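Everything below concerns the one structure shown next.
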Amino acid sequence: MQVRQSIHSDHARQLDTAGLRREFLIEHIFDADACTMTYSHIDRIIVGGVMPVHQAVTVGEDVGKQLGVSYFLERRELGAINIGGAGVVSVDGERYAIGHEEAIYIGKGARDIRFTSVDPAKPARFYYNSAPAHTTFPTRKITAAEASPQTIGDDATSNRRTINKYIVPDVLPTCQLTMGLTKLAEGNLWNTMPCHTHERRMEVYFYFDMDEETAVFHMMGQPQETRHILVHNEQAVISPSWSIHSGVGTKRYTFIWGMVGENQVFSDMDHVKVSELR
């Protein structure tokens with residue numbers, strides 16, 4: 001498990017390219033028949049990927065000492081979205097069939113969590129976020145239809161995109177975790193511009209659905225001290241609450257957003273005008 005410490009905005013603005021990437025970019029998410037984990041001190045979120053190919057993959061079997069618990073979800077909840085082939089998630093013996101672009105929420109207290117693929121030639125690829133939890137809510141599958149797809153933006157500003165809200169209060173209860181998937185329309189390049197911050201929550205963006213020659217310039221930093229990180233396929237960026245989080249790609253792309261913090265109000269944003277950015 002990799003560990004990323006919190007960082008003050010005054011420190012972040014002094015970093016060079018290598019420093020920004022070291023602190024905020026998660027370059028590697030998926031390994032065959034393995035579970036990856038990056039633990040951020042910012043709101044204690046854990047980010048990673050599970051890609052079962054030839055065998056079932058369990059989550060968090062060896063992190064008890066690092067988290068100070070006897071099992072992974074003893075004091076945590078978890079959300080996962082499948083961006084690969086059909087998969088199955090077993091939670092304490094109960095099986096959930098999770099197809100492409102379907103999701104699962106697993107509540108606090110689940111002990112035995114196993115991920116498998118239906119077809120090893122087309123393995124499932126589960127991207128997950130986990131956050132501290134104070135109580136238990138039921139484990140549940142979320143379909144793409146339940147995510148209530150909403151298309152916003154337009155071609156003139158190159159930001160027409162469809163937002164899918166999988167793990168939000170309107171769909172199911174969680175302690176603090178929210179997750180969703182945003183898909184840009186063909187020929188559109190910008191996400192979240194005009195941009196915003198939200199002092200009450202942190203966020204992680206996971207970029208995917210990109211070919212080898214496609215890249216996203218992820219914008220970050222305080223509105224008057226912006227920086228960028230160049231992101232490639234299946235990489236994630238940690239966004240502290242003081243940072244904007246926006247991006248422009250060389251071609252269209254898709255990304256998963258996950259938030260934890262004080263509240264779960266999707267519209268609770270501190271908007272920043274483009275004219276105010278520096």
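Glycine is no exception: its Cβ is also placed from the backbone N, Cα and C atoms.
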Record-annotated Zn(2+) site (Swiss-Prot): member among His134, His228, His232, His245 besides His196, His198, Glu203: His245
Spatial neighbours, same chain, of His196 (Zn(2+) binding site) - Cβ under 8 Å, 6+ residues apart: Ile244, Met269, Asp270, His271, Val272
